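Student: The feature domain 'Response regulatory' is assigned by TrEMBL to 28-144. Taken from TrEMBL, the feature domain 'HTH luxR-type' covers 165-230. Taken from TrEMBL, the feature 4-aspartylphosphate covers ASP79.
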Amino acid sequence: MEDLMTQEPAGMVSRADVLARGPVPLARAVLVDADEVWRVGLRLLLQEAGVVRVIDEARHGHAVLDTLRREVPELVLIDPGPARDRPLEIVQQLMAASEGTHVVLVAQSLPDDIVVEAVRLGVQGILMKGCDARSVLEAVSTTLRGHCALDPATTTAVVRTVRAPEAPPDRFTARELEVLELVARGLSNRLVGRALFITEATVKFHLRNIMDKLGVRRRAEVVGVALREGLVPTGEVEPVSLRS
C-alpha cells in the first residue's frame, strides 16, 4: 500500500464511492501484520471509509485465532509472511477456525506457487502492498460481496499456471506428504505435530485434505491407499525418536 499514513484526505475514497455498486453491510474485520505502522495505516483507511469495523489486530495470526472462533468476523486481512516460513499454514488455521470468514492476503510479494495454492485453499483476495488506497477498498468491497479480488500481478500468476499443462500441480502439497508419511508410520496426530513443529489442529487440517484427495474417510484407509499408490515407502522405515 502506498504511504497510507501520509496520504492527503482528498485522496481518500469516500464510503459513497466504495459503495457505488450497491449496499455493503458494515462488516467486522481482523488485521494481521507484523509491521505495526502499516497495520495502523490500514486500520485508519478502513475506518475512514466506514466499510468495516476492526475488532482485533495482531502481529501474527496465532494471536487472533480465539477472536475468529468467538466472533466469526466477516473479513481477515493478513500478511502471511515470507515464503520460507510456510505462510499458508497459518492461513489454513485461520480458515479452519472460522469457516464463514473471508480471507484476503496483503503481502509485499508472493511467489507464483504460493499465490496459486492460496487460491486453491479458498483465499478470497490477494493484494500487493504497493497498491493504492482505492484498490484496497475496492478489494474489501468485492470480497464482502462473495467475489474474488486479485490484483493484476496475482491474476498473471494464476494465468501462467493455468496455461502450463506441461507442469501440472502436484496432487499433494509437500506438507501433506510429510504428514502422510508419518501417519503411515503409525504416529498419532499429536506426535506428527511434534515431529513437524506444527499444532495438532494443523495436522488434522492436512489429514482432512489428504482424505478428501484420496476419497477415503478413515485413517486406516489413508495408509492403505497411500501404500498401494506408492505415496509412502512400503519397506521398513526408520523409527521417529519422539516420546508419546
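Even glycines carry a Cβ here, placed using N, Cα and C.
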Student: Can you check which residues sit near the residue listed as '4-aspartylphosphate', meaning Cβ under 8 Å from its Cβ, same chain, 6 or more apart in sequence, and list them in order?
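Tutor: The answer is VAL32, ASP33, ALA34, ASP35, TRP38, LEU105, VAL106, ALA107, GLN108, LYS129.
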Student: How do the residues of the domain 'Response regulatory' (28-144) split into helix, strand and coil according to DSSP?
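Tutor: Looking at the domain 'Response regulatory' (28-144) with DSSP, the answer is 60 helix, 26 strand, 31 coil.
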Student: Using DSSP, what is the helix/strand/coil residue split across the domain 'HTH luxR-type' (165-230)?
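Tutor: Helix/strand/coil tally for the domain 'HTH luxR-type' (165-230): 44 helix, 0 strand, 22 coil.
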Student: So what's the average pLDDT for the domain 'Response regulatory' (28-144)?
Tutor: 89
